[in-house]
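Q: Encoded as structure tokens, here's the structure I'll be asking about.
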Amino acid sequence: MRELLEKGAEVDAEDGEGRTALSVALAGGKEAAARALLEVGAGVNSGTGRRPLHAAAEKGLVEMVRELVGKDAEVDAEDGEGRTALTVALAFGQEAVARALLEAGAGVNAGTGRRPFHAAAEKGMVEMVRELAGKGAEVDAEDGEGRTALTVALAFGQEAAARALLEAGAGVNAGTGQRPLHAAAMKGMEEMVRELVEKSTEVDAEDGERRTALTVALAFGQEAAARALLEAGAGVNAGTGRRPLHMAAERGLVEMVRELVGKVVDKKLALFERGVLKAGDVLHFVLRGAVLEVALNDSPFEEAFTELPAGVVPLVQLSDSGQKVELCFSAESLQLVQE
């Protein structure tokens with residue numbers, strides 16, 4: 001390498017990813033090569049892609065991070081994803097590097113992409129979460145998907161980090177994307193679901209797919225979380241997207257189907273299969289792991305569906321449980337028998 005430099009190689013030339021040789025050396029953990037480049041004048045802030053400081057942070061090179069900062073590396077510069085070196089360090093679980101950057105004045109709210117708080121929450125770094133909160137991190141700031149750090153912690157099953165965020169004042173209803181309650185429901189975190197509901201969360205709030213937390217719990221087969229939500233008053237007909245009953249049926253959650261049908265205020269729900277004859281008949285279908293929705297004007301069932309009573313929802317969803325369901329249009333009787 002020294003020979004190349006002596007022959008006039010451009011020390012800060014970029015590769016196809018906008019990285020200088022210094023960034024490449026650090027990304028590969030080659031500290032000796034990185035120091036040789038620094039000795040011949042490699043720029044610590046050079047490169048339109050990943051910066052040297054980000055590369056050193058990702059690899060956990062604490063001393064190199066201190067050295068780069070000492071040479072005036074821009075501590076809050078962003079990479080192509082809008083992340084600072086602090087966020088990168090936390091995203092890769094490099095706690096020692098993160099602390100070195102904080103000592104160097106790294107901003108806890110810096111970055112137009114993912115924030116440090118979100119990265120620490122995802123990794124379940126409880127002490128870092130507390131430290132960032134203590135340094136003024138915006139507890140309810142959103143990431144690019146409209147999620148707060150609390151939602152991220154729950155989405156990755158990091159219960160201890162989630163509790164640390166709640167202690168720091170994280171909003172249980174905050175976020176324009178996935179909500180904390182939806183994330184806890186998705187992961188089947190029954191106790192967290194109860195805790196969030198107790199903190200006055202909006203139990204029937206919808207996510208970006210217009211699903212309530214109850215629908216999400218059922219979509220992921222989380223029956224315990226679903227029951228906790230029902231106990232908290234979750235609406236069985238709530239949501240402008242997929243409904244809880246549709247999702248329980250699709251997943252083949254037989255007991256949940258029974259429970260939900262029993263709670264449905266308007267029991268005019270029809271489940272049907274290709275063998276449907278005419279409106280009013282008892283319908284027979286096998287749960288088989290597919291979702292089938294036939295519109296009212298779909299041939300050859302148009303005539304049957306036009307005779308359906310007002311409010312009846314034609315629907316088929318189901319699982320591979322090998323059970324047969326017999327259900328009247330009125331849904332007054334629900335009977336499960338083995339094939």
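Cβ coordinates come from backbone N, Cα and C, glycine included.
All annotation found in TrEMBL is predicted automatically rather than curated by experts.
Sharing the feature lines straight out of TrEMBL:
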type   : residues : note
REPEAT : 17-49    : repeat 'ANK'
REPEAT : 48-80    : repeat 'ANK'
REPEAT : 81-113   : repeat 'ANK'
REPEAT : 112-144  : repeat 'ANK'
REPEAT : 145-177  : repeat 'ANK'
REPEAT : 176-208  : repeat 'ANK'
REPEAT : 209-241  : repeat 'ANK'
REPEAT : 240-261  : repeat 'ANK'
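Are these features on the surface or tucked inside, and what touches them?
A: Through the fold, the repeat 'ANK' (17-49) approaches residues 1-2, 5, 11, 55-56, 58-59, 61, 63-64, 67-68, 71-74, 77, 79-80 of its own chain, all at least 6 residues removed from its boundaries and within a Cβ separation under 8 Å.
The repeat 'ANK' (48-80): residue composition by secondary structure is 17 helix, 0 strand, 16 coil, according to DSSP.
Beyond the ends of the repeat 'ANK' (81-113), by six or more residues, the same chain brings 51, 53-54, 56-62, 65-66, 69, 75, 119-120, 122-123, 125, 127-128, 131-132, 135-138, 141, 143-144 to within a C-beta distance below 8 angstroms of the stretch.
For the repeat 'ANK' (112-144), the model's average pLDDT works out to 94.
Nonlocal intrachain contacts for the repeat 'ANK' (145-177), taken as residues 6+ away from its ends with a CB within less than 8 angstroms of a stretch CB, comprise 115, 117-118, 120-126, 129-130, 133, 139, 183-184, 186-187, 189, 192, 195-196, 199-202, 205, 207-208.
Within the chain, the repeat 'ANK' (209-241) has long-range Cβ neighbours (under 8 A, six or more residues past its boundaries) at 179, 181-182, 184-190, 193-194, 197, 203, 247-248, 250-251, 253, 255-256, 259-260, 263-266.
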Q: Within the repeat 'ANK' (81-113), how many residues are helix, strand or coil going by DSSP?
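A: Per DSSP, the residues of the repeat 'ANK' (81-113) fall into 16 helix, 0 strand, 17 coil.
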